[in-house]
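Features reported for this protein in TrEMBL:
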- ARG126, GLN221: substrate binding site (BINDING)
- GLU145, ASN147, GLU370: Mg(2+) binding site (BINDING)
- GLU145, LYS307, 366-375, TYR377, 400-403, GLU427: ATP binding site (BINDING)
- 206-304: domain 'Glutathione synthase substrate-binding' (DOMAIN)
Amino acid sequence: MGENIPDEVMKNPALVKELADVAKDEALLQGVLMRIQESPNSSELVTYAPFTLFPSPVPKAVFLQALEVQTHFNTLVDKISQDSDFLQEALANTIEVDDFTARLFRIHQQILEEGRSQKIVLGLNRSDYMLDQRQDGTSALKQIEINTFAASFGGLSSRTPDVHRHILKVAGRPEESRQILDNNPAAGLARAVAKAWELYGSERAFVMFLVEEVQRNIFDQRYVESELWRRNIPTIRKRFDDVCGSGSLDQDKRLFVDGKEVAVVYFRNGYMPQNYTSEECWDARLMMERSRAVKCPDISTHLAGTKKVQQVLARPGVLEKFFPDQPEAVKQIRATFAGLYTLDMGPEGDQTVEMALAAPDRYVLKPQREGGGNNIYGAEIRQVLEGLKDATQRTAYILMDKINPAPVQNYLLRQGGPLTLSNCLSELGAFGAYVRHGIDARHLLPHSCHFCCILSEE
């Protein structure tokens, strides 16, 4: 929203300082919280989660585009998860060189061989975008990635609209305050989990949040838990070690952890190699996948969210395979794709390497990992690819066009950070939720924005 805030507000140091103090207090009042770094597993001391002083501007057309296409992405992810041949072909080269993806794929294969124990599928996804600036000054919505595993900030983003509404009122901008959209992803995510729990069919069974060892972002998850408790759905929080120590399957493959039957496993941990600190953790993941509990995500949906699958989907004709006779759905999805290029061995991959070496600033090199912190940019791309250009290890990566969003001036509020006017680059995230029982998927949450924004007509 920075472009809609006049300089008399944005560049008034005394007013900005006052607004920042009010914003921090309001964030604490509204529950936009994180535990502090010094004691990440205790709520005795908490702080506000990082956020911007003013909401971010989003052109109305691209915002509505993100909402409209999200149901198609839900359908796409769900169809990919059911297509074992596609996953095998898409990931064949990756699993030869990436041990983490290979371990996941072996679990996937074992589940297929044994037969799935649960026909209920729960998907909670978040598709992340940036607005690529065209030469004519217009914006194009381009997907960074789709998160099928532990998509976060549905809770905290449910509370940030009220923070920004209050700040704009205090700043004397009541019209802009009224423009901020309502946003409650936590309720929608919980509604999907609740439906899966209901379909499981046992009122005594629990929803288990499988959580990380370090839990600074616990309040984001607590919002979803709270919504479930409001529906009288019990929840528990367990780590891999808890499942290793007290988890078991009965003769009907019902999952029990610490003596409690688990209806839904909501994975908030397990998407990075370092999450599996021992072979027992891998055994626990396999046990959960083999169980009758509904998994969010199940192993197939986890694999559907890999970067390699993202790149393969951009190939001509691939989307049409999943959307036969639906050209409009294909068109809407494909419009969000940035350029995506294979690094498989062969002439096409060789061409990608040469392209990246010639102009590394135009691309992003992505490994098969969640989170933008793992991506490689600029001169480092040249350094990595010069070492791997003739090695099969390069197939562990994909190359993507670098998206170029227009920076917007704003103030970043972070505990202990300076209050400085900065050029900020924002992402737009759209949540999607679905529950499938057998063949047909029911879309429960086709869209929701994961950060606070205000629409503009530009």
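Positions of Cβ are set from backbone N, Cα and C atoms, glycine also.
A TrEMBL annotation is a machine prediction, not a hand-curated record.
Annotated features, which come from TrEMBL, shown on the structure.
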residue	record	Cβ within 10 Å
ARG126	substrate binding site	25
GLU145	Mg(2+) binding site	20
ASN147	Mg(2+) binding site	20
GLN221	substrate binding site	22
PRO367	ATP binding site	17
GLU370	Mg(2+) binding site	18
GLY373	ATP binding site	6
TYR377	ATP binding site	13
LYS402	ATP binding site	19
Cα within 10 Å of ASN147 (Mg(2+) binding site) - qualifying binding-site residues among ARG126, GLN221, PRO367, TYR377: ARG126
GLU145 (Mg(2+) binding site) versus GLY373 (ATP binding site) - Cα distance in angstrom: 13
Rounded Cα separation (Å) that holds between ARG126 (substrate binding site) and LYS402 (ATP binding site): 20
Distance from PRO367 (ATP binding site) back to GLU145 (Mg(2+) binding site), taken between C-alpha atoms, in Å: 12
Cα separation, PRO367 (ATP binding site) to GLN221 (substrate binding site) (Å, whole number): 27
Tally of residues which DSSP labels helix, strand or coil - the domain 'Glutathione synthase substrate-binding' (206-304): 41 helix, 26 strand, 32 coil
Integer mean pLDDT for the domain 'Glutathione synthase substrate-binding' (206-304): 97
Length of the line joining the Cα atoms of LYS402 (ATP binding site) and GLU370 (Mg(2+) binding site), in Å: 17
Length of the line joining the Cα atoms of TYR377 (ATP binding site) and GLU370 (Mg(2+) binding site), in Å: 16
